[in-house]
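Have a look at the structure below, then the notes.
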Amino acid sequence: MMDQNHHSDKTAEAQPSEKKTTRNCCNGFKMFLAALSLSFISKALGAVIMKSSITQIERRFDISSSTVGLIDGSFEIGNLLVIVFVSYFGAKLHRPKLIGIGCIIMGTGSILTALPHFFMGYYRYSKDTTFNPSENSTSNLPTCSINQNLLPNRTSLEVVGKGLEKDSGSYMWIYVLMGNMLRGIGETPIGPLGISYIDDFAEEGHSSLYLGNLLAVTMIGPIIGFILVSQFSKMYVDIGYVDLSTIRITPKDSRWVGAWWLGFLAAGLIAIISSIPFFFLPKTLNKPNKEKKASASSVSLPMKNEEKSQMASLTKTGQNVTDTVTGFLQSLKSILTNPLYVLTLFLTLLQASSHIGSITYVFKYVEQQYGNSASETSILLGFISIPSLAAGMFTGGFIVKKFKFTLVGIAKFSLCAHMTSFLFHLINFALICENKSVAGLTLTYDGNTPVASHVNVPLSYCNSDCNCDPTQWEPLCGSNGITYMSPCLAGCTSSSGSKKSIVFHNCSCVEENGFQSKNNSMKLGECPKSDDCKRKFYIYIVVQILTLFSAALGSTSNIMLIFKNVEPELKSLAMGFHSLTIRTLGGIPAPIYFGALIDRACMKWSINNYGKQGSCRLYNSLLYGHTFFGLTTGLKFPALVLFVVLIFAMKKKYQGKDIKASENETKAVNEANSGPLINDAKVDHETHI
């Protein structure tokens, strides 16, 4: 009787302890899920801030688009440096702590990106402007001074430049590159290790739900990013250090640089804060109750059996390593000799390269083509792209599930979606604006005759005796709708007022109705775009929405085609190799060659304090548009051709077989998710889309 009571007491004690353990497990998992959500938000936030700040960084560091492309690609370089380590050792080590360390490194990288701002001295948007922290800015814009030698002024400018060399330097952008590379290193473990941790310790059948919620919450990052960049771009780069009332340029000026560094500081701090919870989480969580019951009998086994198995495994370590390497090479050979996988790999590489190049330079394109400020461009593109992509992905997934397409049917659906996107994309060629009328670049200096080339346009009768500096860029807008590069080159002989309200008088190069008038007055700033160009901008917005939506329709199908055309046991390797290829051959080179070709469309370069070519002030709109869209079209069209070839090859292989892709779809995805590389590939692919 006493034994029975004693047994019942033990049972009663065991039940609360079991409930307590289960509660702790759930609390630990919920904490991990919340921390991972915050880290995903900070990851997406940092990515959006970098892409949106490309133009600001280019102007601040006075570098070309190709150099900015190298900075952008350094993120992928950092990612590749540690992806093998994370993929192989990540699951064997303390995953939450590894993710926490990754968040700290990612945050440190963002902060390092912003640090050059504090060591570069004050931004000089004009050769004739200097800033002193204890005084107001001073400006002395040269006008047409006949028979005066300009050499003394140039010499003084060189002295000023040498004086600032210690503070700024011409290679400070390398710190931005290093910071972005660190951000890539830190971000690597977050996606694959976080998702695999969820898959291991979530309740059975719930991992897909948690993953969906995680990706949905991640969208908060880009939204916050676009809003922050929009607000910071309105602020002058040296806000808090100079008297803003003395700044004579506006956010729509091609020399304007906003407070780009504030965004990186914010992203860095959020990333570091998100790392804190991971250091208080265990390496493993207790399995849910169902799994406990299933393994209850194994707990009672003697510990000696486990020790014996460990000893046996140690003796076979050398043989296992050899078998692993051999098996890996055989598996790699298997997927690389699979024509369906190789075709899918190449067509997705072409598509990803097009997407990466477009995303990197689309902000700059809208600013240059339609005359929008960086602030307007960021908020606009953010609020049309996020809903369009989200709606397209949801609709595409719903259609595939609703109609239960076969694997060939999925390929056909994806082809139709990308074909539709391609056709919408072609409309962009008709929305390219005409070049601005700029004296000395598209017209002669008197504004009467178009020129064949913008290189070395000869001076005109109205400014040939003015001893102007041809490298100066201080644009003015004439009453005839023509932009002049500087007051001196416009033939202006005097000025009145100060700061933003300065007015130049007696500008002899300005003609109205074919007659020269010496009484013409001009104000600083480029002439606005034509009304026709503004109408094209509104059409461009609609076309972008349709293009993004139709491209997103087929994005989910593309992922399925990658791992459903290989053997089930090779899914993780197939997705991992796909991710590696996209990063190496797409993520790194695409921004560089896009930038190099865009540089060829520049008509007016800045000249820095060391006499070297800096950033571009004015582009040939027609050449820029045709280069930008021509390059993306040149990548998209071969991808469509490969898509057609893939469908014929799939028909030939699966002829007579009815493979329902929707059947066991969740199971297939979960199996593929067992390897860290596939999770990284999925998140990476969605980011590029």
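In case you wondered, yes, glycine gets a Cβ from its N, Cα and C as well.
Any TrEMBL annotation is an automated prediction that lacks curation.
What TrEMBL records for this protein:
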type     : residues : note
DOMAIN   : 32-651   : domain 'Major facilitator superfamily (MFS) profile'
DOMAIN   : 456-511  : domain 'Kazal-like'
REGION   : 1-21     : region 'Disordered'
TRANSMEM : 29-50    : transmembrane segment
TRANSMEM : 70-91    : transmembrane segment
TRANSMEM : 98-119   : transmembrane segment
TRANSMEM : 209-229  : transmembrane segment
TRANSMEM : 258-280  : transmembrane segment
TRANSMEM : 340-366  : transmembrane segment
TRANSMEM : 378-399  : transmembrane segment
TRANSMEM : 405-427  : transmembrane segment
TRANSMEM : 537-563  : transmembrane segment
TRANSMEM : 628-650  : transmembrane segment
* To do: For the transmembrane segment (209-229) and the transmembrane segment (537-563), decide whether they are in contact, meaning at least 3 CB pairs lie under 8 A, counting pairs 6 or more apart in sequence.
  => no
* Per DSSP, how many helix, strand and coil residues does the domain 'Kazal-like' (456-511) have? -> 3 helix, 11 strand, 42 coil
* Other parts of the chain folded back onto the transmembrane segment (405-427), taken as Cβ under 8 Å at six or more residues beyond its ends -> 351, 396, 399, 539, 543, 546-548, 550-551, 553-554, 557-558, 560-561, 564-565, 629, 632-633, 636-637, 639-640, 643-644, 646-647, 650-651, 654, 658-662
* Remote residues contacting the transmembrane segment (29-50) - C-beta distance under 8 A, at least 6 residues beyond either end -> 72, 75, 96, 99, 102-103, 106-107, 110, 113, 180, 183, 187, 190-191, 194, 197-198, 201-202, 210, 214-215, 217-222, 224-226, 228-229, 263-264, 266-268, 270-271, 273-275, 277-278, 280-281, 285, 382, 687
